[in-house]
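What TrEMBL records for this protein:
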{"type": "DOMAIN", "residues": "20-345", "note": "domain 'K+ potassium transporter integral membrane'"}
{"type": "DOMAIN", "residues": "358-594", "note": "domain 'K+ potassium transporter C-terminal'"}
{"type": "TRANSMEM", "residues": "12-36", "note": "transmembrane segment"}
{"type": "TRANSMEM", "residues": "48-68", "note": "transmembrane segment"}
{"type": "TRANSMEM", "residues": "93-113", "note": "transmembrane segment"}
{"type": "TRANSMEM", "residues": "125-147", "note": "transmembrane segment"}
{"type": "TRANSMEM", "residues": "168-195", "note": "transmembrane segment"}
{"type": "TRANSMEM", "residues": "220-240", "note": "transmembrane segment"}
{"type": "TRANSMEM", "residues": "252-271", "note": "transmembrane segment"}
{"type": "TRANSMEM", "residues": "277-295", "note": "transmembrane segment"}
{"type": "TRANSMEM", "residues": "307-326", "note": "transmembrane segment"}
Amino acid sequence: MYVQLRHAYEMFIATCLYADIELPVACAILICLFALQHYGTHKVGFLFAPIVCIWLLCISAIGLYNIIHWDHHVYRALSPYYMYQFLKKTQTGGWMSLGGILLCVTGSEAMYADLGHFSQSSIQIAFISVVYPALVLAYMGQAAFISQHHNFESSYHIGFYVSVPESLRWPVLVIAILAAVVGSQAIITGTFSIIKQCSSLSCFPGVKLVHTSSTVHGQIYIPEINWMLMVLCLAVTIGFRDTKHLANAQGLAVITVMLVTTCLMSLVIVLCWNKSIFLAIGFLLFFGTIEVLYFSASLVKFHEGAWVPITLSFIFMVVMCVWHYGTIKKYEFDVQNKVSVNWLLNLGPSLGIVRVRGIGLIHTELMSGIPAIFSHFVTNLPAFHQVLVFLCVKSVPVPHVQPEDRFLVGRIGPKEYRLYRVIVRYGYRDVQKDDLEFEKELVSNIAEFIRSSGECDKNGFVEDTDRPSDKLSPVSTGIPLWEEDGDLDASASPHKDIDAQNIAPKRKKARFMIPKSAQVDSEVRRELQELMDAREAGMSFILGHSYMKAKSGSSFIKRIVINFYEFLRKNSRSPSYAANIPHASTLEVGMVYQV
């Protein structure tokens, strides 16, 4: 009796010490893992392949050892017949055990979360030829060990490490921790990819995307999502303090993903592959029946940790639905209230207002047409700049955009209106220039467009400016723009120049340097002169801020959704170009959208 009590006391102390160490170590590993994410997968990924290969080789060797040493007839368990006999004999107990059996496949789906980093064929080959055989050998080895060892002090001792030879347990534990980190890395990067796709589809608020690789477009880092995941992981780890509850939560999450994927796959078979609907129904019934069986078994453990993924999924679904609804309503308002070119033509060259000196740079997301914020500004203020530029900044899915392909310039309305549209394209690894360099480059490219369009008109190619959609032309190299303080010395350059008017002695003066071989007519010269005068007067950045508000008489739910959307929009990431705009030259125009 004394020996038994002493043994029980030692087990209790060991359990307490283990629990005290396990939680801090797990939290420290999580913090280190998320803290390394900003370096990118390409910098820390060189360790992933050796760790995974060593882990798969380790569990394969241990599984093969247990099969040979304990029960080499265990291979018969691969037959579905024994699964049927097991469920038939155990009935309800066997059905409830499916939730634990599901954990045998969790983790392998993390490979397919990395489709942004590897090709589809490479993942399929690796899974079929390496990962799947290693998992089968590992679980067959555990089954062979358990078949010869039925007496365990508790159910928690029935696990992988019990079947590992005692001399190898600590090295295997270290390898297992490293392999778990690699698997978690795949899930984290997969989450980044999913959030990026949702943002592209207007289903998630704007976040900061950091591309960590110059060659692989899928390797990204999202700081907000990274730290949010870290907080959630730490909260779940500290809150549960039990791997059983974590396993239940993971099992329900994985089988839900599998079930949703099967349903969507049946639609892909019919809509994308144009196959027979009977093939899709057969696919859905075969795989869906198996997954529904596992899903129902996992729901039984809803109160034992499985409620966590359901709750988080519901919260994120609400955020995505609200954001998508608000974005659609805002887009519909923009389309319905977009200003037509005919309305602009009816205003006349002065746009019905006083044109003051300077360049007005209006930021817009529209690549064609005139935004409603412009008409709102024109109808409420009596003056506008003599040169107006509708600027649209776009990010394209390539590492770098060559300078000759960066600018697309077009004209809105007749020439005397002095309205231009400029689309600037940046790659995800391009660094946007500061405001002064960008202003000079922008004006230079507009000047080159004016000169080249003048040559086209002279050669008989006249653009139809009355069309609703303005034509954009790529500008390879802008006209060099010299800016100096004080008077300019025209004799210092071998090129032909167009002098700016001396308006203010201390104002920065600008001059376009046009080659002598270029033939510039009087109309183009006058337009370039006006552009230089506007550049000397200064450039103002006009940003449109829209505020959505539900119409009077709207339902209570609609008002709640619109207000929540506005809360998300105000606290989400603004466009990247807004950070480079000088605040001293910025004018924000607010407009209320009644939806």
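Just so it is clear, glycine is given a Cβ too, placed from its N, Cα and C backbone atoms.
In the predicted model, residues of the domain 'K+ potassium transporter C-terminal' (358-594) average a pLDDT of 72.
The transmembrane segment (168-195) makes contact with the transmembrane segment (220-240), as judged by at least three Cβ pairs under 8 Å among residues 6 or more apart in sequence. Listed as Cβ neighbours of the transmembrane segment (220-240) (distance under 8 Å, sequence separation of 6 or more from its ends, same chain) are residues 23, 26-27, 30-31, 34, 37-38, 40, 116, 188-189, 191-193, 195-196, 207-212, 246, 249, 305, 308, 312, 573. Taking Cβ pairs closer than 8 Å, the transmembrane segment (252-271) reaches residues 102, 105-106, 109, 277, 279-281, 283-284, 287-288, 291-292, 294-295, 298-299, 301-302, 306, 309-310, 313 in its own chain, all 6 or more past its ends.
Within its own chain, the transmembrane segment (48-68) is flanked in space by residues 74-75, 130-131, 133-135, 137-142, 144-145, 160, 163-165, 168, 172, 175-176, 178-179, 181-182, 185, which lie at least six positions past its ends and keep a Cβ under 8 Å from the stretch.
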